[in-house]
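The block underneath contains the structure these notes are about, expressed in structure tokens.
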Amino acid sequence: MDADKEKDLQKFLKNVDEISNLIQEMNSDDPVVQQKAVLETEKRLLLMEEDQEEDECRTTLNKTMISPPQTAMKSAEEINSEAFLASVEKDAKERAKRRRENKVLADALKEKGNEAFAEGNYETAILRYSEGLEKLKDMKVLYTNRAQAYMKLEDYEKALVDCEWALKCDEKCTKAYFHMGKANLALKNYSVSRECYKKILEINPKLQTQVKGYLNQVDLQEKADLQEKEAHELLDSGKNTAVTTKNLLETLSKPDQIPLFYAGGIEILTEMINECTEQTLFRMHNGFSIISDNEVIRRCFSTAGNDAVEEMVCVSVLKLWQAVCSRNEENQRVLVIHHDRARLLAALLSSKVLAIRQQSFALLLHLAQTESGRSLIINHLDLTRLLEALVSFLDFSDKEANTAMGLFTDLALEERFQVWFQANLPGVLPALTGVLKTDPKVSSSSALCQCIAIMGNLSAEPTTRRHMAACEEFGDGCLSLLARCEEDVDLFREVIYTLLGLMMNLCLQAPFVSEVWAVEVSRRCLSLLNSQDGGILTRAAGVLSRTLSSSLKIVEEALRAGVVKKMMKFLKTGGETASRYAIKILAICTNSYHEAREEVIRLDKKLSVMMKLLSSEDEVLVGNAALCLGNCMEVPNVASSLLKTDLLQVLLKLAGSDTQKTAVQVNAGIALGKLCTAEPRFAAQLRKLHGLEILNSTMKYISDS
């Protein structure tokens, strides 16, 4: 056998070995191995096609013929090799076609499984997911979905197996790690559970908030597990309070006793709950269910107020729940995740019986002391009823009102509460509008301020602000409260200041509820500009800067009220925030009325105050200052008086700067144009500085705006 034939034979044998291995791998039970084999086969076929094309393109350059041409004979090895590869190619194409068909079937089975899962039919869901996996073994979502269904049936070991298969399909499958973490948590493999959750963070750092919550769940459950072990040991050792707690729960589990029997037993039990051991034993021996499922006690809660004994039972239960939930996250969780208890707690906050209302509020405060407790409140309580109940405490004593608003503040800072608030604002807006109708003379001023401040903070979000601003009753409520507070500005200083903050946010939303509303708001703010309080002055100017442009009628009233003089004083003595509002008001006034321009010139003869603002780092301030200066150029002889200043150079720099906002460039360009029109000598200077080109480039912004 010559060298070429030997080489071809070795190549053929190598191909046979490799192809045999590929066929074995394609028949593997491991979907990952199977997928790699399919990809490798496709790669080999591609290379074979390239080789064939290359062979077809070869031409013989030496055309000398010594003997007649003979038909090229292929060796048996070559024929067998090509036939084998052809069969592999055909098989690969058939497999690809079957895979596409199976993908469609697997997707359909996945949807059926999801429907069954949503209906709570977890066995059927598992069956459908399994059928889908028979069609497509490397579909990771079927493994994670089936794992979730197994979790619902508390078959955690099978769930873990499915998660492992999902990770074989995709080693960065965060869903698989999530379900693995949950399953290991249920199996009390706390360290393994933590590692699973931390792996999610490694794969996707953006899930930090969620992972933090998962890890917190692991910590809490491990802590509860240790508490139960210790409680068992103390009970077995015969500790007096532990044994008494267990015995009292057995006594209270007796059905159909008179209400006084339960009230007395619960009060004794409450006195026994002094430590974590007793709290844990209460939970371990189904204390929550013994109390909340008792028909007599349930009847007392539903009819409380008709009978003193029934009221006593309700109060005693609420005090017991406070005792068992104090600084005990697991007991808090068990109490609140039960739907009936969560609904009852929200309802009791609005009870007509003062004692019940106060004790249910005290229980809520116990829950809200920790982050996990606040999460329980947000996730499980009826937040609309809760919010309505909290604002109703404004009618209570200063201490209770402030405590309620403190709780409202804590909840409002939680991101999940904010999401809920935006989605449910139409339902809670009437309660918030009711707050604005409160008489400040009879309510706690500090608590009222807290409540309005919460509304102000929440209104910073555009969707929330849009709903609030669109509600005519809410806007009228702001006005009426402001009017009542103006009767004694010194007494209600904090309320006015906070309310103006809310109204500033509302005035960001255009158009306003009505022009009439905007006019009335402006009048109130013009009146408040006579205040001696710096904070009120600044915020009144802030509101006015947002309402003034809505109507010429308002501008006229503002001019008659001496707003130009007051705003010029702001510019000379106020801080940056006050100056920002003042220059915007002056820009609006000078844009519409010649007398406003003349008064600015009279109060700032060389326009030095205005020109100083052009060097500010605040672009809004600079833009409005340029606009105001441009308006003032329409007053005769003003432009001529500025020939010895560097105003032209400053405006030119602003108009040509790419670092400035478009509004600054446009306003500076307009001011330049008015300056050169009013005083031709400025136009000559502009030409020398090649400023016309800059002005031309600025014009494109004006035409686009």
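Yeah, the Cβs are placed from backbone N, Cα and C, and that goes for glycine too.
Values in this document were obtained by computation on a predicted structure and should not be read as measured data.
Under the heading phosphothreonine, Swiss-Prot lists Thr71.
Here Swiss-Prot flags 106-139 as repeat 'TPR 1'.
Look at the repeat 'TPR 2' (140-173): DSSP puts its residues at 27 helix, 0 strand, 7 coil. The repeat 'TPR 2' annotation in Swiss-Prot covers 140-173.
Swiss-Prot lists 174-207 with the feature repeat 'TPR 3'. Long-range contacts of the repeat 'TPR 3' (174-207) within the same chain, counting only residues at least 6 positions beyond its ends with a Cβ under 8 Å from a Cβ of the stretch, are 140-141, 143-144, 147-148, 151, 154, 156-157, 159-160, 162-164, 166-167, 214-215, 217-218, 221-222, 225.
As a summary of secondary structure, the repeat 'TPR 3' (174-207) carries 30 helix, 0 strand, 4 coil according to DSSP.
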